[in-house]
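Just below is one structure, and these are the notes that go with it.
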Amino acid sequence: MHALGRTPALTLLIFIYNFVSVYTIVSVQMGTKARLCCRSIPLTKAVLITWIIKPRGQPSCIMAYKVETKETNETCLGRNITWASTPDHIPDLQISAVALQHEGNYLCEITTPEGNFHKVYDLQVLVPPEVTYFLGENRTAVCEAMAGKPAAQISWTPDGDCVTKSESHSNGTVTVRSTCHWEQNNVSAVSCIVSHSTGNQSLSIELSRGTTSTTPSLLTILYVKMVLLGIILLKVGFAFFQKRNVTRT
């Protein structure tokens, strides 16, 4: 491949890019493939095809193809962004495994003698949350959707007395935790429903019957005391019989 020389045209393209306001929003799940297409313009009319990639929080880069000389200029090396095919056949852009760092805006500009044609994408990366749960005390259950993007929504069946909190992370993901309590003793099982753009999950949770009280603790203490008393009696009895045997001899 040959490289196109850097020209002030790149600065002009980025300037135009910043003022383009019509976006096509594309949501892609992390780890899957993304393919972005240019405008449907016959390549026989194209003079220059340029992709301007502007990831959020990262420097911009370009992928350009000059039709007449078949020269390319690519400054996106190491970002897992490539042509979907050879640009002289299909000038689509491809990301083989989408990651959070690919989120941002992508502009395809096709330059023709009749003018320039643009298509802009706002690539949004979806991250499925890791869903877990655990039982708390006194007929309480906790359901957690960790590191999802966007934030997951948690609901319960049947309804209980619930408190939901969210924690945002530096990479844009969000952890949502819902803690729910049920007073009714007749509720023995509940369901935690986690709703997310990548798919919904439902977890069935068995609750302990009855509310937690001091009775089990008292029974435990009584049981421990009885065991200790039994051990003491055994030791006393063993010492008594041992002493008796010594006296006989």
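Here the Cβ of each residue, glycine as well, is placed from N, Cα and C on the backbone.
Remember, predicted model here, so these are calculated numbers, not experimental data.
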In Swiss-Prot, C143 is paired in a disulfide bond with which of C108, C162, C180, C192? C192
Record Swiss-Prot, residue C108, disulfide partner from C37, C38, C162: C38
Considering the residues N80, N138, which is the one that Swiss-Prot annotates as N-linked glycosylation site? N138
Would you mind telling me which one of N73, N200 Swiss-Prot calls N-linked glycosylation site? N73
Between C192 (disulfide bond) and C38 (disulfide bond), what C-alpha distance do you get in Å? 43
Return the count of C-beta atoms lying within 10 angstroms of the C-beta of C192 (disulfide bond), excluding that atom itself. 23
Pairwise CA distance, N138 (N-linked glycosylation site) versus C108 (disulfide bond), rounded so that it is a whole Å: 58
